[in-house]
Amino acid sequence: MSDPEMGWVPEPPAMTLGASRVELRVSCHGLLDRDTLTKPHPCVLLKLYSDEQWVEVERTEVLRSCSSPVFSRVLAIEYFFEEKQPLQFHVFDAEDGATSPSSDTFLGSTECTLGQIVSQTKVTKPLLLKNGKTAGKSTITIVAEEVSGTNDYVQLTFRAHKLDNKDLFSKSDPFMEIYKTNGDQSDQLVWRTEVVKNNLNPSWEPFRLSLHSLCSCDIHRPLKFLVYDYDSSGKHDFIGEFTSTFQEMQEGTANPGQEMQWDCINPKYRDKKKNYKSSGTVVLAQCTVEKVHTFLDYIMGGCQISFTVAIDFTASNGDPRSSQSLHCLSPRQPNHYLQALRTVGGICQDYDSDKRFPAFGFGARIPPNFEVSHDFAINFDPENPECEEISGVIASYRRCLPQIQLYGPTNVAPIINRVAEPAQREQSTGQATKYSVLLVLTDGVVSDMAETRTAIVRASRLPMSIIIVGVGNADFSDMRLLDGDDGPLRCPKGVPAARDIVQFVPFRDFKDAAPSALAKCVLAEVPRQVVEYYASQGISPGAPRPSTPAMTPSPSP
């Protein structure tokens with residue numbers, strides 16, 4: 001029985017699913033010698049492109065006289081799926097006390113995105129000189145690993161036995177508080193149990209909290225347990241205390257049915273009473289860790305993001321030959337369709353190993369019979385609608401425009417259902433190998449709203465997300481209904497979506513913003529949607545692929 005005045009300590013806000021901390025381990029092979037007598041003293045400097053400039057993030061240690069170094073110092077960086085995060089790795093010779101690359105110390109560099117590294121787990125690239133030529137046979141290998149444990153939860157169940165009685169006319173009303181010791185040796189309250197009334201042998205309710213909250217993900221961090229007799233005046237009577245660590249708690253309950261117990265000690269009684277043993281015992285009956293998988297767990301476990309594009313070719317876009325058309329192909333300024341394709345697709349392509357993307361159009365009359373189609377391949381190859389990289393999608397879009405007649409209506413359900421078919425097949429495998437993301441670029445209100453709602457509700461049960469970017473100045477109020485932010489979307493028959501899989505964004509909100517802002521907004525929800533889907537299906541990530549460089553360890557610096 002719990003007392004309403006004894007509230008549980010609230011959990012701190014959960015870490016944003018889109019953000020994870022990644023450690024990069026770096027090694028090089030075959031670095032150039034700057035002179036014939038000595039080998040280089042290499043160091044790797046990591047830079048991140050942020051706010052239109054390259055900024056140093058981390059650097060490795062310096063290794064002496066080594067042309068194939070394996071650095072021990074990891075390069076840590078925050079990872080965001082929705083951002084491009086371009087990286088540069090500069091290798092330089094620090095033999096003469098150099099602290100940065102120069103024309104005399106530069107050994108080579110390479111550039112890639114953080115998304116490319118985490119999606120492949122291990123990347124090996126040639127080092128390039130400042131003139132763009134390869135630095136001999138020099139290579140750099142980068143291995144990514146997510147900082148683990150930050151999302152895990154632990155479930156604990158405690159009871160006590162023969163606690164001291166602190167009440168004159170009844171039994172104690174015990175509750176327990178758990179504290180973790182901070183780096184400055186101060187104690188921080190992390191949990192308070194409910195009060196069990198009039199009971200010297202209380203069994204407290206099981207509770208669940210994050211490993212980060214309990215011990216800051218440090219299993220050796222000291223934990224302090226204090227047991228009190230509740231008093232409505234707020235002056236609770238101290239019964240006793242004990243200390244432990246999460247490691248000790250795990251080891252003490254490792255086997256089925258195994259429990260761990262501690263004497264509950266009141267230091268004042270211990271120091272004053274010769275025959276004092278304890279003020280009761282506290283028993284840990286259950287200690288289980290619940291692994292909460294992250295987006296990076298799935299990506300590093302081999303899950304590919306399958307990206308599909310659908311482009312609105314209805315007449316409301318305007319004649320492409322007119323400068324006022326939303327499909328105008330001006331040599332001076334890319335139209336909004338092209339801008340959205342480049343920014344959103346440019347990020348998604350880093351997570352697809354073959355870099356081939358199906359691209360469809362809807363709402364146009366297409367050759368040879370010029371009948372209206374709502375899911376035609378923009379490369380006009382219905383057997384193989386895939387384009388090579390996002391640049392191939394853009395090239396197909398440019399070639400497609402002069403060959404079709406913009407028409408209507410704006411029917412979106414057919415393309416959603418088309419992408420749902422392979423997602424349905426993927427679901428049947430029961431594995432986390434491919435998650436589909438459909439990008440719909442449209443200029444107006446959906447004509448087949450009822451069918452679209454039905455298609456989205458069906459897709460919400462599949463490994464699939466839908467991003468809708470509204471292009472132009474139309475009234476998109478109906479489109480926001482699909483987003484599900486104001487409550488679960490329902491199909492016309494009243495069946496609710498299993499989860500929120502649609503993100504709608506009007507392009508005009510980002511017209512004057514940096515190109516990356518649009519991608520940041522529309523892709524921010526994808527990591528959460530991926531994790532939610534696989535968690536709802538009870539599907540764990542695949543085993544991380546082997547990532548340790550098979551290289552001889554470098555000599556100590």
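We number each residue from 1, going along the chain as drawn.
Cβ atoms are placed via backbone N, Cα and C, with glycine included.
Here the structure is a predicted model, which means the values were calculated and not measured.
Marked as Ca(2+) 2 binding site by Swiss-Prot: Asp167, Asp229, Asp231, Asp237. For Asp167 (Ca(2+) 2 binding site), the same-chain residues lying six or more positions away in sequence with a CB closer than 8 A to its CB are Asp173, Asp229.
Mapped onto three states, the DSSP output places Asp167 (Ca(2+) 2 binding site) in coil. According to Swiss-Prot, the Ca(2+) 1 binding site annotation covers Asp167, Asp173, Asp229, Asp231.
Residues annotated as domain 'C2 1' in Swiss-Prot, with sequence analysis given as evidence: 1-127.
Among the features that Swiss-Prot reports, domain 'C2 2' is placed at 134-263, with the record citing sequence analysis. Summarised by DSSP class, the composition of the domain 'C2 2' (134-263) is 12 helix, 60 strand, 58 coil.
The annotation domain 'VWFA' is assigned in Swiss-Prot to 306-526 on the grounds of sequence analysis.
Per Swiss-Prot, region 'Linker region' is recorded for 244-303.
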Practice prompt. Identify, in sequence order, the residues in the chain of Asp231 (Ca(2+) 2 binding site) that are 6 or more apart from it along the sequence and have a CB within less than 8 Å of its CB; answer 'none' if there are none.
Written response: Asp173, Asp237
Fill in: Cβ-based neighbourhood (8 Å from the centroid) of the Ca(2+) 2 site, residues Asp167, Asp229, Asp231, Asp237 excluded
Lys166, Ser172, Asp173, Tyr228, Tyr230, His236
Response to the item:
Looking at the binding-site residues Asp173, Asp229, Asp237, the one with the fewest other Cβ atoms inside 10 Å is Asp237
Worksheet, complete the sentence: The predicted model's mean pLDDT over the domain 'VWFA' (306-526) is 92
